[in-house]
Ligand code: URA
């Protein structure tokens, strides 16, 4: 349906997501699953990383084998919920640098307001993976990517857990060059800007603030 959207339909991802959606799942369990699922989605978002052949010696013989070609990476968390995706992905890609974009949604207009911005140097040379569990209206994500492009980023991917069609459309309009990888494309947004059926407020679910 959307050429810039990949839905990771792997059974492990879908199983974990179902437990995360359940309102009876504890904060602790939610965080644990988020960490696990972030790694499975990161697997998809990094599928096309460049590799190069290097010479190694196995215990048996010398061989040419692929290694990541050492392209610089930046993981950018959209605060605060993005932080729940960071640790798992950093375990997989320990050399990635990390940045933060702080935006909150004005509850009336649902428009993003910036309160923090700190990213690694040399953004133009990096593969930039922006992480935020919920792609809802897409306004914050689009605004965050505007800021990252102003900072020099050109090669950007967006990783989320759930996407609403409204957010996917907004991102396609604002940033057609940014592929989106998600675990599910849900039905719609409700009048408060929450994804339906969704999983509620991702930040509250992971930090127990409600
Ligand atoms: N942010 C959330 O945490 N949940 C939603 O459903 C939408 C935006």
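Using the three backbone atoms N, Cα and C, a Cβ is placed for every residue, glycine included.
No curator has checked TrEMBL annotations; they are predicted automatically.
TrEMBL lists 80, 105, 132, 133, 134, 135, 136, 137, 138, 139, 140 as 5-phospho-alpha-D-ribose 1-diphosphate-binding residues, and of the candidates 3, 201 the one it assigns to that same site is 201.
On a Cα basis, residue 195 (uracil binding site) lies 11 Å away from residue 138 (5-phospho-alpha-D-ribose 1-diphosphate binding site).
Here residue 132 (5-phospho-alpha-D-ribose 1-diphosphate binding site) is compared against the binding-site residues 195, 200, 201, 202, and the shortest C-alpha distance is to 202. Comparing residue 200 (uracil binding site) with residue 140 (5-phospho-alpha-D-ribose 1-diphosphate binding site), their Cα atoms are 17 Å apart once rounded. Spatial neighbours are here defined as Cα atoms within 10 angstroms of one another, and by that definition the neighbours of residue 195 (uracil binding site) among the binding-site residues 80, 134, 136, 140 are 134, 136. The record gives 195, 200, 201, 202 for uracil. Within 8 Å of the mean position of their Cβ atoms, the other Cβ atoms in that chain belong to 133, 134, 162, 194, 198, 199, 203, 204, 205.
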